[in-house]
């Protein structure tokens, strides 16, 4: 289906149903996977701005207990989405944490109700800069309000409350999802028993210079027009180039080496994946979320965390290398937080938590079992 930037564009990619009551579920699916959207009226941002309506797209797996206390929230990365388990879409794409979430798995959907939401500002169904601004009827574009990790977390909390969740067993997620996990721990410390922050850190990096660098890169596309490119054909060219570089930082060469031993064939596959992504992800979303990430700082409020923490890094991750672990663990301990550390022995870099799920699933399963006993 063609991408329509002047409307709510990405809902077409996922067959989402309006919900707080329940979405479509495949017959005979042991995962009990559902897709849906949730609307929040008059959503107050940390800045004081009030958004008239916010849509949050999400998936759920498993069944919520009558007391609403068997839930787990999954939080996704910077450029990924809420599809974390099972298979979705016309091509049956596997969820990014499918090896960890499902019946009998580390996050066991036979016992747990799992919610995975597309974060506010992202491009997979939730309100983002490509959505129509109610004030103008045109895409928000660069006029989309600045948001913070606190705003993202508060939108998720509204969703959970709408679904009837009273308390979380855990919040878990990789990369930017780890940022969200730590933010949950300091913003709503009594709402969960555990935090699983993976290939991530409790504080953002790069500063405003990283935002400027991103915008400067996007501006190289002739269609950029200060972020008002929706009637100019988009900026997929520069997005594809940037995505190729990102995938390589994430370790995609190692991931594809066995299937594509020939370098040219591998490069072609990487470009194909980058082009597919660039047709879906909005460039202004990259900017909005980058701003939120560089300003993120849960480290200063670590003392507020009451949940047990499992901190997980990957041996070969270049974005969050294991060398940062001693400092993070020391700060958690100094703040009085009960925390454990695990390193995934993987060649898949930043993508290890999903691609090498089997290498840390036993540790996650043990951690989750301990939390369930506390709930």
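Cβ coordinates come from backbone N, Cα and C, glycine included.
As given in TrEMBL:
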ACT_SITE  175  active site, nucleophile
ACT_SITE  317  active site
ACT_SITE  350  active site
DOMAIN    71-352  domain 'AB hydrolase-1'
SIGNAL    1-26  signal peptide
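TrEMBL feature annotations superimposed on the structure.
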residue : record                   : CB count, 10 Å
175     : active site, nucleophile : 26
317     : active site              : 26
350     : active site              : 26
*According to DSSP, which kind of secondary structure is the residue listed as 'active site, nucleophile' found in, if we only use helix, strand and coil?*
coil
*Between residue 317 (active site) and residue 175 (active site, nucleophile), how far is it from one CA atom to the other, in Å?*
11
*Round to a whole number and give the Cα-to-Cα distance in Å for the pair residue 175 (active site, nucleophile) and residue 350 (active site).*
8
*For residue 317 (active site), which DSSP three-state class applies?*
coil
*Tell me, what is the mean pLDDT of the domain 'AB hydrolase-1' (71-352)?*
96
